[in-house]
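Heads up: the structure comes next, in C-alpha cells.
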Amino acid sequence: MLLARRPLLLSIIFAYSLLIASVQAKVHHHKWEITYQFKSPDCLKKLAVTINGKTPGPTIYATEGDTVVVEVKNDLLTENVAIHWHGIRQIGTPWMDGTEGVSQCPILPGETFVYRFVVDQAGTYIYHAHYGMQRSAGLNGMIVVKVPDGFKEPFTYDREHSILLNDWWHNSTYEQATGLALPGNQFTWVGEPHSLLINGRGKFNCSLNVGGTCNSTNPECAPYMLTVVPGKTYRFRIASVTSLSALNFEIEGHSLTVVEADSHYVDPFVVKNLNIYSGETYSVILKADQDPNRNYWLASNVVSRKPGTPTGTGILHYYGVPRGRLPTNVPPMGPLWNDTMYRFNQSVAIHAHSSFIESPPSKSDRVINLLNTQNRVNGVMRWSVNNVSFDLPHTPYLIALKNNLHHVFEQRPPPDTYDVKTYDIFTAPVNPNATRSNSIYKLEFGSVVDVILQNANTLTANNSETHPWHLHGHDFWVLGYGLGKFDPESDPKRYNLKNPILKNTVVVHPLGWTAIRFKANNPGVWAFHCHVQSHFFMGMRIVFEEGVEKLGQLPKFIMGCGESKFEN
C-alpha cells in the first residue's frame, strides 16, 4: 500500500483519509471474450489473440483499494488461456495470479474463469497471457491504479497518457515454439521482430513482399497519436510487454523526467530517452514546451541486441497542428545498441524518492546465487539457472502443496548456488549440458531473502544477453548492479541500503550481476523468471513457495488439470 511506503508522520496524516477511502472502495467489473481475429497492427494481416476483438486489450482503471473482477471466456477453440496481472501482488489471493502451472489450471477452450483481486497499491501495471508463448500473439494491456482521494503525489501534471510498447512477429507462436524445441541443427531461433509497436500500431514495409496481405494505408497501422496542449505538463505512463526486445524510448526534442518505476516513486532524474525492459513500467513527466507549430516523433528502438527491426514510431501531436502532418525530421535512432554502459548508468540512477523510502532489512536470512546460462539438454538448446532448466508440472504447485500431492513434482530442492569462485562467466560453458527439473525453492515464511542474479557468456563466444527478471507476488529492493563477476566478499559491502528502489522486474546486464532483497511474507507459490518469452519458454525460471500452510481452502475453480482433476 502507499501507506506502507510513507514516513511515519505522513502515515499518521493520511491514515484517516485512507480509512475512509477503503470504505468507499469500488468494484470494477469487466467481461472479456478471448478470440483469434485477423489484425494488421503493422499493416500485414495476421491472426492475433484479442480481447473483445482488440489488441492491445482495454486498459483497466481503478483506485488503490478497489476490487477488479474480470470474467474471461476462452473462445480460442484450440488453445488454453491464463492471464497474469503483472505487478499486482495478489495478497490473500495467490490463486488469482494467473500463472498456469503455478497458481491455477489454464482456462480451457469454451470455459469461463473469473479473476477477482484487490489493487492494493497505486501505480502503473500491465497484464498479459501467461500460457505457453501466447503473450507475443497480442493478449496484453495496461492497468492504471490511481492514488486515493486526499493523497498528493510528489509531482504535478495537467493530464496523462499511457504508452504500451511491444515487439511483433508475423509467424505464429506455434511456429516459434516448435522451432525452439527442435534438437541440434534443427533448432530455429525466433529471430528479430518484424516490427515494433506503440499502443498496438507499427509500420512494416509492405514493399518487402514477404507474402500475405499488407496494406500500408490500413488505418489499423496508422501512427498512434498522443495529443498535447502547448504549455501543459503531462504524465506519460510507459510500459513494455515485449517478448524479446530491450527498448529505448524517446520523444523527439523533449526531455523526460523519470518519477515512477514499477509503481514506486523515484527520486526524479532527467533523461533524453528511457531504456525499458520487458515487464517494466515507468512514469515520466513531459512539458509540452517545444515549437507548437509542428508535431514530433515518438520513437522506440531495439538496444542490447543488434537491431534487425526498424524504429517503431508514433506522433506527439501538438494541439492546433493538423493531425495528419508528419514530423519533418527523421525519427530518433536512440543510443548505440551495444552501449552497455549507457544502459547500466541509467539503471543505477534509479533510487527511491526521498519522501517515500521504505528501508530494506539490514541483512538477509538466506542468499541464493543464480547463474544464468545457455545450455543443452539431450541435444536441445535450453536456458538454465545453476545448470537446471525448468519444467512445469501438470498439476499447479499451489494446488499440489496445499493438498499434499508431493509426488507430482520433484522433491529434491534446486541448488542455492553454483561454483561462484571458479566459474568463468566470460567464456562459453566448458560443460554445456544441463538437467531439467520442476523442483522449487521453499522459503521460510517471513524470512528475508537475497537473490544474486549473475549473467554469463552464452554458448556463442563473446556473447552475453540481457535478462529482465520478474518476481510474482512481491516487490523487491534493488540493492546493486555490477558489470563482471559478483564478488561475495566485497560487493555486498557496497549495497545500497539507504534508498534502494522497490521493483517487481529488474534487468541483468550482459556479463553483469544484479542483487535484490525481498521478504517472503506473501503466502503462496510464486514464479520468478526471465521476462524474455523465448528464454522463459526454454527453461529460464524458478518457483518460490512460502507460507502455503497459512492459506485456507483453495477455491475449486482453479483446479481441473493434472491430479487436481480428482480434487475438483
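Yeah, the Cβs are placed from backbone N, Cα and C, and that goes for glycine too.
TrEMBL labels come from automatic prediction, so no person has curated them.
What TrEMBL records for 35-147 (among others) is domain 'Plastocyanin-like'.
Residues annotated as domain 'Plastocyanin-like' in TrEMBL: 161-320 (among others).
Annotated domain 'Plastocyanin-like' per TrEMBL: 426-547 (among others), in sequence order.
Residues or ranges marked as signal peptide in TrEMBL: 1-25.
Each residue in the domain 'Plastocyanin-like' (35-147) gets a DSSP state, and the totals come to 7 helix, 54 strand, 52 coil. Counting residue by residue with DSSP, the domain 'Plastocyanin-like' (426-547) contains 9 helix, 55 strand, 58 coil. The average pLDDT for the domain 'Plastocyanin-like' (35-147) in the predicted structure is 97.
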